[in-house]
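Quick look at what Swiss-Prot annotates:
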- 143-156: compositional bias 'Acidic residues' (COMPBIAS)
- 143-173: region 'Disordered' (REGION)
- 373-514: region 'Disordered' (REGION)
- 478-501: compositional bias 'Basic and acidic residues' (COMPBIAS)
- 543-563: region 'Disordered' (REGION)
- 553-563: compositional bias 'Basic and acidic residues' (COMPBIAS)
- 566-588: zinc finger (ZN_FING)
- 594-616: zinc finger (ZN_FING)
- 617-641: region 'Disordered' (REGION)
- 648-670: zinc finger (ZN_FING)
- 676-698: zinc finger (ZN_FING)
- 704-726: zinc finger (ZN_FING)
- 732-754: zinc finger (ZN_FING)
- 763-785: zinc finger (ZN_FING)
- 791-813: zinc finger (ZN_FING)
- 819-843: zinc finger (ZN_FING)
- 855-877: zinc finger (ZN_FING)
- 883-905: zinc finger (ZN_FING)
- 911-934: zinc finger (ZN_FING)
Amino acid sequence: MSSEESYRAILRYLTNEREPYAPGTEGNVKRKIRKAAACYVVRGGTLYYQRRQRHRKTFAELEVVLQPERRQGLIEAAHLGPGGTHHTRHQTWHDLSKTYWWRGILKQVKDYIKQCSKCQEKLDRSRPISDASEMLEELGLDLDSGEESNESEDDLSNFTSPPSTASKSSKKKPVSKHELVFVDTKGVVKRSSPKHCQAVLKQLNEQRLSNQFCDVTLLIEGEEYKAHKSVLSANSEYFRDLFIEKGAVSSHEAVVDLSGFCKASFLPLLEFAYTSVLSFDFCSMADVAVLARHLFMSEVLEICESVHKLMEEKQLTVYKKGEVQTVASTQDLAAHNGTTTPPGTRNEATTTLSGELGHCEIVLLVNGELPEAEQNGEPEQQPAPQASPEAEASVSPVEGIPEPHPEMGTASLAKESNQPESAVTREDGIVASVHPKISKENVTNASQEDSDTGNDTSPEDIGAKDCPDHSQSPGQPSKDEDTLTEATEKTDSGPDDDTYRSRLRQRSVNEGGYIRLHKGMEKKLQKRKAISKSAVQQVAQKLVQRGKKMKQPKRDAKESTEETAHKCGECGMVFPRRYAFIMHTLKHERARDYKCPLCKKQFQYSASLRAHLIRHTRKEAPTSSSSNSTSTEASGGSSEKGRTKREFICSICGRTLPKLYSLRIHMLKHTGVKPHACQVCGKTFIYKHGLKLHQSLHQSQKQFQCELCVKSFVTKRSLQEHMSIHTGESKYFCSICGKSFHRGSGLSKHLKKHQPKPEVRGYHCTQCEKSFFEARDLRQHMNKHLGVKPFQCQFCDKCYSWKKDWYSHVKSHSVTEPYRCNICGKEFYEKALFRRHVKKATHGKKGRAKQNLERVCDQCGRKFTQLREYRRHMNNHEGVKPFECLTCGVAWADARSLKRHVRTHTGERPYVCPVCSEAYIDARTLRKHMTKFHRDYVPCKIMLEKDTLQFHNQGTQVEHAVSILTADMQEQESSGPQELETVVVTGETMEVLEAVAATEECPSVSTLSDQSIMQVVNYVLAQQQGQKLSEVAEAIQTVEVEVAHMPEAE
C-alpha cells in the first residue's frame, strides 16, 4: 500500500462511520489503520497529522498533502527564499515541515535539490581541493623552492594526486562574469560615478577645516569645533532631533555645548562623518561604541561589531615584535611583578578602519617600517631564536596572520611611545610561563641570541629538522629524533622523555607575542601540532585503553605469553585483543596517496596534506630541535618534572586571566560590542547567560512556584532567592562588614558603598551649578538643558530625559493599583520604591526616632503630608510662580494648575466619565461627578492615556544650551560676551502685554475669583475674534492671580 492509499484509508476510517474500511481489507491491515489513525485528525475535510511538541502539552497539526503535483509545488516554494536565494536541504525541509507533512518528505526534498542546477553549481564550487598542485596554487607557494635540483622526473610524478582526483578537477567549469548596462529606450543612459561620494566628502572636510560655510559650533572641553548642521544631522539622529526641536534648522548659526563628552571618543566620530574613515585607539573602542550608541550612529556601531567579528571568525592576531624574555623562578608569579628590564619599545596598536565596501588590507608595521619580505610581496621567514640552556620558561609562538575579512576596511597596526616593560606581566600581550621547581632566576633576551643563531641556520633546514617524516610508523622514532637523542639516551632513556620533549617543543620560544581571540583555539593548536591520526588509529587507541583497564593481574607465565601474542610486526605495538590487532594492521596496509612536494612527507588524507602545507606558509620558522635537546638535558637531571603554569595578560588593562576563553570574553569590555541580542525587544548583552535570563522575562509562564506561598517565578535562581526569605538563610555575605543579603543584586549595590568615592566631582555642568562623578551622568543631565528626551513611553508617547523617570512611568501603566503607605498615604508604582520608603524613609523603624511627617504652614496653619504639596502651598504665600501662561500672562505656582488654566483657553476636556460620557477639565471635577452620580464606579486612580500638555518641572521658561544667532545679532556678540535668549512674540501677545502694562499702573491689587478669571479668558478670546479693547477693559481689575492648588489625581 502506497503512502497516498494509506492516507486515504485513514481519512475514510475517521470520516465514514458505517463503512470505515474498504471492501476486501484484511484483518491485519485494519489493525494497522486503527493504530495509525490515532495520530491523525480531520478538520474541514482535510487530514492533519498531530505531532507532539517538545516541552509542551499541545500538539502541532500539520496538513497531509496527497497530490504529487502540490507536493512538488510546495517543495519549490520552500526552497526559493526572498531575493531569489536557494535554501539548503535542512532549511527547506525545516520550513516545509512546519505546516505540511507526508511520508517520505525528506527524501523528496533531497531529490529536488539534486536536480536543482544552481545548487549543484554551488556545490561544485565549494568542493574541497584534493590535488597538491591546486593547494600550492591556492596558498601561493612555489614548487621549485622546496625541491632539490638533482631529483628525477619519476620522483616529480609521484607528487601529483591519483588520476581519479585529476579527472574530477578537470571537470570543474569556470564561472563566467557578465556585465549588464541598462539603457532606456528613449536613449537616456543612466550611469553612476563611484568617486563622487568620496569627492563630495573630501570637499566638505576641507571646508570644515578651513571654516568655510560652517553653520554650527561644537563646544567640547573648552574648545570650539566648526561643522555643518546638514552633515551632523545626516550622520546622527541625536543632532537631527536637537536641531529640529530647537528651531535651528533655518537659522544661520547655532552653538551646541557638548558638556560631558570626551574629545578622545567624539573627534573620531566627527572625522568619520566627513571622511567615512573611523580611526581610533583600540583601547578606547568601548568609549567610541558607547558614544555612538548615545548619538544613534548606526554605521559606527556596525563597524565596531564587524571588528569584533573579524577578530572572532578570522582569528585576527595582534602581532607585536619586540624583545622576548624568559623567566625561571621558584617563587610565585606575583614576586616577579617588581622585576623590570631595560627600557624597550612599548607597542600600542592603533586601528584604522574604512567603510564596509572599502578594500581590506592589514599592514604590519615593525618599529615604523615594513619587513623586507612583505615589501617584496613574499612571506617573511625569520630564523628561530635559540633559547639558552639555563632558561626554562617559554613564550607561546606567534601564529601566521590569516587573510583579512573581505568586507572590512583598512586596518593598520602601528607602534608608538617607548616605555619600560615588566618581566612577567608585560603590557604588550606576551605570555610567559614559569617553572616553579627551578631554584635560580634567569632573565635573558632572545633577540640577542636570534642574531647569533639566525645566520647559521636556514629556514629550510629548520623546517626539515622540526618536521619528522610521517612515512614511518608512529611507534618507531624518526631518524632526526634518533640523532638528537643520542646524547641523552645514556642518562635517561625512559618513555616519558618523548612526551616531555613534545611539551617543550609546543611551548618553544619565538620572537614576538600574540593574543588569539577565539574559543578553544589553544586545544586546536595542540592537536594540530601533534601527529595527525586517522579514524582507524583513534579506534585502535580506544581499544588499547579499554584493554588496559580490563586487564587482570598476572597469574602465571602462560597467561602472560597469551596476552602478548597479538604484536604488530611493523611498529611493535601489543594488543590484548585480536580485533584491536586486526584494526591496527589495516592502518599499515592503507596507502598514503598524498605527498608533500616540499618535504616529501606522505599523508593518507587530503585534509592532512592541506594542514601540513599551511605550516610552510608561516613567516617564522619553528624553533630548532637543538633547543629541545638542551631543555631535555636540563630536565633530565631532576627526578620530578614541574608543571608549567600559563596565564594570559590583557595588553590594554594588564589584567591576568587563566584561560584563553576568559581573555576572549574579557576583550568584549574593551571593544564595547554586545554580540548577543534579544529577538523580541532588541536589547543586547555581552554574555549569553544574560540573554537567556532576559528571554525568560518575555515568557508569560512562570514555571517555578514556591511551596510555602502563592508566588511563582520565571527562573530557578529567583525561586532560590525567594526561599531564603522563608528559611532565613542567605548565601550572599559582604566580605567587609559581614552583612547578609537575600539577592545578589542587593550585595552588589551594597559593595558600592564600601568603594571610596573621589573627593572632587570632576564633571561640572556649564548651565547650572551641579557637578557629577562620572561623565555619563553629566551627559544625561545635559539632556534637560538641551531639551532632549530620548526615553519615550510606548503606551502614551510621553517622553523623559532620565531613564529612571521613564521606567517609573512605564510601571504605572502595568500596575492596576499602586502601593500606598498606610501612615503617610504616599503612593508608589514600583514595589522596590515602596519597600525603600517603608524601610528607610519612614516611621521609626530600625531604631530611628519617629519623624513628624505632617508639615504645618506657619501663615495659615494648614497641614500637609506630602512635601511637594507643602512646597506648592508655600510658593503661593511667597509669590513664587514659575509657570506662566503664554496666552494671557497669568502665572501659577505648579504645573497642574497651569494645565487646568490652559484648557480654559483651548476648550479641551480630556477627562470623560466612563458611565455617562460627560467631559471635564480636570480629574478632581470628574471624581466629584462620579462620587455624586455614579458612586459604585468611583476609580482608585484617574490618569490620562496621553497628556498633550507637557511642561518642565521647573517652569515653562527654561534656559537652553542651543543659542540661535541671526545676522544682526552676530555684530552684537563680537562686542562682548552676552547671554542670548530666543523669545517668540506674536501680535496677540503684544496686545496682551499692553493691556497688562495698563493695569499695572493701578495702585490697588486684589485677588481674583473664579468669575474674574473667566473674564480674563473672555478678554483674550475676544481679542482673537477681533473685538475692541475698550469693551472689556473695565472688567479687568488685576492680573496677579492667586489660586489654591486643587490636585487632579487623588
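Placed from the backbone N, Cα and C atoms, the Cβ positions cover glycine too.
Just so it is clear, the model here is predicted, and its values are computed rather than measured.
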Across the zinc finger (704-726), what are the DSSP residue counts per state (helix, strand, coil)?
11 helix, 4 strand, 8 coil
Annotated stretches the zinc finger (763-785) and the zinc finger (704-726) touching (3 or more Cβ pairs under 8 Å):
no
Structural state census, the zinc finger (819-843) (DSSP three-state):
9 helix, 4 strand, 12 coil
Restricting to the zinc finger (676-698), what is the model's mean pLDDT?
81
Counting by DSSP, what is the helix, strand and coil composition of the zinc finger (791-813)?
11 helix, 4 strand, 8 coil
